[in-house]
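Feature annotations, courtesy of TrEMBL:
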{"type": "ACT_SITE", "residues": "His190", "note": "active site, tele-phosphohistidine intermediate"}
{"type": "ACT_SITE", "residues": "Cys487", "note": "active site, proton donor"}
{"type": "BINDING", "residues": "Arg292, Arg328, Asn439, Asp440, Arg450", "note": "phosphoenolpyruvate binding site"}
{"type": "BINDING", "residues": "Glu416, Asp440", "note": "Mg(2+) binding site"}
{"type": "DOMAIN", "residues": "8-127", "note": "domain 'Phosphotransferase system enzyme I N-terminal'"}
{"type": "DOMAIN", "residues": "155-225", "note": "domain 'PEP-utilising enzyme mobile'"}
{"type": "DOMAIN", "residues": "256-525", "note": "domain 'PEP-utilising enzyme C-terminal'"}
Amino acid sequence: MEHTHVLNGTPVVGGHAYGPAIWPGERPVYDPSDAASVVEDEREVEIKRFTDAAAAVAGRLRERASHASGAAAEVLSATAGLAEDRGWIGAASGLIKKGTAAPAAAVAATEQFATMFTKLGGLMAERVTDLNDVRDRVVAELLGVAEPGVPEPAEPSVLLADDLAPADTAGLDPKKVTALVTRLGGPTSHTAIIARQLGIPCVVAVSGLGAVAAGTVVLVDGTAGTLEVDPDAGDAAARVEESRRMAELVADWRGPGVTGDGRPIAVLANVADGRSARSATAHPVEGVGLFRTELAFLDRADEPSVEEQTRLYREVLDAFEGQKVVIRTLDAGSDKPLKFVTQVEETNPALGVRGNRIADEHPEIRAAQLDAIAAAADGHQPTPWVMAPMIASATEAAEFAGEVRRRGLIAGVMIEVPAAAVLAESILAEVDFVSIGTNDLTQYTMAADRMSAELASLTDPWQPAVLTLIGGVARAGAVVDKPVGVCGEAAADPLLACVLVGLGVTSLSTAPAAAAAVGARLAEVTVDQCRAAAEAALATADPAAARAAATAALAAAPGS
Ligand code: PEP
Ligand code: MG
């Protein structure tokens, strides 16, 4: 009997892929110790040969970047930037000046930088692969051999590698390369970034990958983080088929958000500044459901001026001109401390002076922010919605709404505190809309720190207690016909999104990259199925049972 061998790694992008393995093409074979030293009067010419080669490599990468978009364009430009780096070029030129041949100088200069990056650790260490890629391309150029890279596979294949440089992965055709699996790399490496953009399954840090030869048939499970060598063909095909069907729906999904039976559910983006808002427009989102304003000021010692804030808010409004934008006032404190909001040391900051509570002590900070939002909104359509974080009572909601409406803006609050969820009806009487922050609502409902890894099963928005509170808020919204959105991480989970709609939530705001998966899933289900899923989940005792119950309810035929 065939023996299936399973290798484990870190899951990066979910989904299944099945096919023969391919490995990237050979890197140029070059032994720097073979290089003869360059005689003195040829050294200037050798330096020029090196700088020309680096410029040619950078130029080709920039040319490819100009034809790519999104993350692919960004990684190609970043790699071109390494080939143009003055420090690296200076180090290599310095070596050539002392007689080292250009290819050997490229190798030695790269080694210096790689050692430095590795010492810095984290994100910088993950850039070593990109540096080595630039080195190999420049060495190939100097030797006059073909530029290294990924071969064009004859049939859909799984690309295995030690690690993939951005220039290898950018521009890959996801129909030909159906998954990426690497021996090295982390969840923030370029391999991971590109896999997310291509929407193909990806597993990194797989030990033992080197033993899997090209041509071996493999099954990648990007959700579990595994690579099965020689799996059962029938089983593999069925698992791939279901995930392919869903992936195609996700790739083709263009919005707007609507259930299979026609109920509109806006799918919106969570953003942090102008840059993230502009990049969110590349995703099928219908506006911004949460602009976390405090994130732009985390490193600021002084309060930004009204003018500076106005410019920032205008950037986000400009990116989504003509579309809904929900701006949240500063959620300072606890996990997002702001230096310019003076706070005494608190023993329990999550329960302390955070969010809208800073306005008690510093009404001028909130007033300046609202002035800036109103100035940014001047001339923009539609009028932005403005909401406060950490509201606990109807009195707080009424006070905030007064300040917002005085400036001609649309007023709402976040429901993040269980007290606000319990009394949602009286809160909704004071405002035009609410948005449920499931991250904090879960933390406060379950009395479990959202930053604690040990408590992850408690800080799970699938907890039936959390779902029960969300259901109550949505019912209160339906009674007065006011929008009830969700903007916490819960909205990014396609299965949970169906449950939220079944509970009565009217819009979902997620990290932009998650929007298509959420929208495509909603398009597959009816509101009745969502209601059945919500009811089934509410009747369970824990998150795992809630997920299983919702899955089963959605799999049942509508009306059955
Ligand atoms: C939330 O708590 O769910 C939320 C959206 O706000 P933040 O994550 O910024 O606290
Ligand atoms: Mg919150």
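We count from 1, first residue shown onward.
The backbone N, Cα and C atoms fix where each Cβ goes, and this holds for glycine too.
Features recorded in TrEMBL, as mapped to the structure shown.
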residue	record	contacts (Cβ under 8 Å, 6+ apart)
Arg292	phosphoenolpyruvate binding site	Asn270, Val271, Ala272, Arg328, Asp331
Glu416	Mg(2+) binding site	Gly355, Pro389, Met390, Ile391, Ile436, Gly437, Asn439, Asp440, Leu441, Tyr444
Arg450	phosphoenolpyruvate binding site	Asp335, Asn439, Asp440, Thr442, Gln443, Thr459
Cys487	active site, proton donor	Leu268, Asn270, Gly289, Leu290, Val326, Met414, Ser435, Ile436, Gly437, Thr438, Leu508, Ser509
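Filtering His190, Arg292, Arg328, Glu416, Asn439, Arg450 by Cβ distance to ligand 2 (under 6 A) retains the following recorded positions: Glu416, Asn439.
With a CB cut-off of under 6 A applied against ligand 1, the recorded positions His190, Arg328, Asn439, Asp440, Arg450 are reduced to Asn439, Asp440. DSSP classifies Arg450 (phosphoenolpyruvate binding site) as coil under the three-state reduction. There are 24 other CB atoms within 10 A of the CB of Asp440 (phosphoenolpyruvate binding site), with all protein chains counted. Classification of Glu416 (Mg(2+) binding site) by DSSP places it in coil, neither helical nor stranded. Residues Arg292, Arg328, Asn439, Asp440, Arg450 are the ones the record ties to phosphoenolpyruvate, and the longest Cα gap between any two of them is 20 Å. A simple way to gauge crowding: the CB of His190 (active site, tele-phosphohistidine intermediate) has 28 other CB atoms within 10 angstroms, across all the protein chains here.
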